[in-house]
Amino acid sequence: MALSAETESHIYRALRTASGAAAHLVALGFTIFVAVLARPGSSLFSWHPVLMSLAFSFLMTEALLVFSPESSLLHSLSRKGRARCHWVLQLLALLCALLGLGLVILHKEQLGKAHLVTRHGQAGLLAVLWAGLQCSGGVGLLYPKLLPRWPLAKLKLYHATSGLVGYLLGSASLLLGMCSLWFTASVTGAAWYLAVLCPVLTSLVIMNQVSNAYLYRKRIQP
């Protein structure tokens, strides 16, 4: 027997709620896992994976889930209030990423090694630069009077698209980091595959949220 449209809608909404809740838990759990693994403070380098996972796994994921209609932790706030919280979380993510990038460059300098020559390093640098541009673009949405010639709807569309690309870049840098000698020397077997699934899962949830809640809606409008 075929399901009614209303039943399908309820099932789909329940699945999105469950996936959003999973994204919250996975983003936090992955960041804690990396922190335990890296033991921040044990060396200069130890702060790099902690800060980068905090930036691209936890803070950035939470910044985007703020707008989720099913799994936002800030439902009680107005749209404007959630937008400001989103910008604050994104700014914190950028600061953590900049600090993490700076510390690993300093670490490489102290060892006399080349830096930003691996795919992980290059992806990380690109993700940090993209995050900086994204935060700058967010100012135009917080204060649209600064860009009077640009329709607000188009600004939101560009910001959403760019933000999704930036998030995927951050996730890619995390995935490449998990292929590094430092990570693979400590995490092997099933644990490694489970760790890899974390940014993959959160990326899928964020892609679904942005596409369905904004990009797809804009595409079907005349």
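Every residue gets a Cβ built from N, Cα and C, even glycine.
Here is what Swiss-Prot says about this protein:
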TOPO_DOM  2-17  topological domain 'Cytoplasmic'
TRANSMEM  18-38  transmembrane segment
TOPO_DOM  39-46  topological domain 'Lumenal'
TRANSMEM  47-67  transmembrane segment
BINDING   H48, H120  heme b 1 binding site
TOPO_DOM  68-85  topological domain 'Cytoplasmic'
TRANSMEM  86-106  transmembrane segment
BINDING   H86, H159  heme b 2 binding site
TOPO_DOM  107-122  topological domain 'Lumenal'
TRANSMEM  123-143  transmembrane segment
TOPO_DOM  144-162  topological domain 'Cytoplasmic'
TRANSMEM  163-183  transmembrane segment
TRANSMEM  187-207  transmembrane segment
TOPO_DOM  208-222  topological domain 'Cytoplasmic'
Helix, strand and coil residues within the topological domain 'Lumenal' (107-122) as assigned by DSSP: 9 helix, 0 strand, 7 coil
Spatial neighbours, same chain, of H48 (heme b 1 binding site) - Cβ under 8 Å, 6+ residues apart: A38, G100, L103, V104, H107
Nearest-integer angstrom distance between the alpha carbons (Cα) of H120 (heme b 1 binding site) and H159 (heme b 2 binding site): 25
DSSP-derived class (H/G/I helix, E/B strand, else coil) of H48 (heme b 1 binding site): helix
Local Cβ density at H86 (heme b 2 binding site) - other Cβ atoms counted within 10 Å: 21
